[in-house]
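Chemist: Attaching a single structure in structure tokens format; questions to follow.
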């Protein structure tokens, strides 16, 4: 099973199977391939219908007209020119009109600022039939730099991303540098007026998203105050920690000279509260690789490698937006090995499995120590307190601060949408119901990747009855788990059948009933889909609890058979649907079976791997998963998961240029992104997560 984890990372280091694709292969039409995609309709851009060579002359005409949008003639140099006639018909603001006329005249006179603005415009991407790229962003930073450069102009420049559509051109995004006095409506009017000279079948409609400067609102100020408070607490805690260490050392020296016993100093609540914020102490705990208990050491490796798989999957999803050679990128993904990327969603199931395992294992041990009793109030408060602080910070940062820190040609529109959702639905995240409400009816909830936290919290809330029954009678506990799994499988099977869900992203939907749910997620992020995975983890956790301190002897044949079955199951789940890439039909009953059982089967394979590693039958797999390097990294995986998508999105959408896809570029991108994510996660953990956990231990008297 370790191969399933290491393959996902190492496969990117191998030469790509498509690194020698011929020019003919690159020029194959994108539309026939895209037509086979159903689940991925929201991921793959709708580039064009089929554009043949007869339409190429029309595209050349469109290119010439777009150039005229970027460089209209000067009024004062041309007298009664086309510009006079055109601007007279343009319903734009007077200030925008005057600034445009000044800009075009200065451009004819080769003024440096005007040349800088002109060269920042995007050019019409005529090669899109070969590359699949429908974006020409221009140079965002060059356009925006005009406002910071001393010029003789009376206006500042502003970058706008214009989306143009026609019958043969769909959703082309072009960078357009204009005077700041021209707003979105003005830009749309300019583009549509100038392009109105095209033949009717080439005339374009357009939308515009101009870069905006945002003032610090109340939410941004509150977020800054939130961050400053914790920074001050960490600073004070660190200074106090240094002071206490020095004083304690002096006290020991004095005690040794006086032959007196060491006395503990400063043991009050305030003392503990302040020390819980110490950067030195929290950093030492996070980065420590000391093994406290070797029993479940392999879980650290599973956790870190699963997060890496999550990260890689999201990096490749983002490439759909920022890749210059998009058709080549999609062609590569028809390859066999890349199925490990498309199926990276199973990495999240690894986390559900681990969560169920640890909740059961730790609860059983606690109940055994306390004669079957647990303080269930503390049980619930602990998880809510543990998770919510970091969730709150990420929501505030994403909603109010990120636009003040990062910017880019594609940044404004998606973030405006996400920001609005966060303002409307932030409370569903705090209550951990964001994967259920509104259901269906919302597209892209607030920081949508935290659907995982909602599912995990819901499972945690529902676990106590199962835990109690398992402790009192493992047979009845297992029967309850089996019954709940069967119920969830029936629900998933019925829903996936009704809505025509497909198992492979390369397969057509079986019906159009998903429109009844407004296209919303009815399977992927819902608890009835992931609950069986969590319960497989619970079963594994209970088995590990019963095996602790005991020697399990298994026949070699059983061990080999178990490993073969686990590896075969994992490989079948990840690579078994490859045949659908070429358009082979998959019966709906088989798709429903895969959707229903693949995730718990993945968890079962992990269960065998975990039990084998813990009981001494893991061999080299256990050696790799138990490396000490995983210990500090595993402590950061929660914060890393919470912040990894903002790190990826900020890196992608703030780019001036699109990314040229090849394997080695992506390797650098992934490795650098993972390092940066863990660095940010360490900062969040030491400044926020660790102090709040320390406070919880003080207040609730929880023992580590």
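Every residue, even glycine, has its Cβ placed from backbone N, Cα and C.
Annotations in TrEMBL come from automatic prediction, not curation.
Below are the features I grabbed from TrEMBL:
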| type | residues | note |
| --- | --- | --- |
| SIGNAL | 1-18 | signal peptide |
| DOMAIN | 93-212 | domain 'Nose resistant-to-fluoxetine protein N-terminal' |
| TRANSMEM | 218-243 | transmembrane segment |
| TRANSMEM | 294-321 | transmembrane segment |
| TRANSMEM | 341-363 | transmembrane segment |
| TRANSMEM | 384-406 | transmembrane segment |
| TRANSMEM | 449-471 | transmembrane segment |
| TRANSMEM | 480-499 | transmembrane segment |
| TRANSMEM | 528-545 | transmembrane segment |
| TRANSMEM | 557-581 | transmembrane segment |
| TRANSMEM | 601-621 | transmembrane segment |
| TRANSMEM | 633-654 | transmembrane segment |
| TRANSMEM | 666-688 | transmembrane segment |
Chemist: Between the stretches 384-406, 480-499, 528-545, 557-581, which wins on the count of C-beta pairs under 8 angstroms to the transmembrane segment (601-621)?
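Modeler: Answer, by Cβ pair count: 557-581.
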Chemist: Looking at 384-406, 449-471, 633-654, which one has the highest count of Cβ pairs under 8 angstroms to the transmembrane segment (666-688)?
Modeler: 633-654
Chemist: Do we see three or more Cβ pairs under 8 Å linking the transmembrane segment (449-471) and the transmembrane segment (218-243), pairs being at least 6 apart in sequence?
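Modeler: Stretch pair does not touch.
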Chemist: Which of 218-243, 384-406, 528-545, 633-654 has the most Cβ pairs closer than 8 Å to the transmembrane segment (341-363)?
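Modeler: Looking at each of 218-243, 384-406, 528-545, 633-654 in turn, the most contacts to the transmembrane segment (341-363) are made by 528-545.
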Chemist: Do the transmembrane segment (633-654) and the transmembrane segment (480-499) come close, with at least three CB pairs under 8 A (pairs 6 or more apart in sequence)?
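Modeler: The transmembrane segment (480-499) and the transmembrane segment (633-654): touching, no.
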Chemist: For the domain 'Nose resistant-to-fluoxetine protein N-terminal' (93-212), jot down how many residues DSSP puts in helix, in strand and in coil.
Modeler: 53 helix, 25 strand, 42 coil
Chemist: Are there residues at least six beyond either end of the transmembrane segment (218-243) with Cβ under 8 Å to its Cβ atoms? List them, or say none.
Modeler: 274-281, 393, 396-397, 399-401, 404, 686-688, 691
Chemist: May I ask for the residues of the chain that lie six or more residues beyond the transmembrane segment (480-499) and have a Cβ under 8 Å from a Cβ within it?
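Modeler: Non-local partners: 465-466, 469, 511, 513-514, 516-517, 522-523, 528-529, 531-532, 535, 538-539, 588, 591-592, 595-597, 600.
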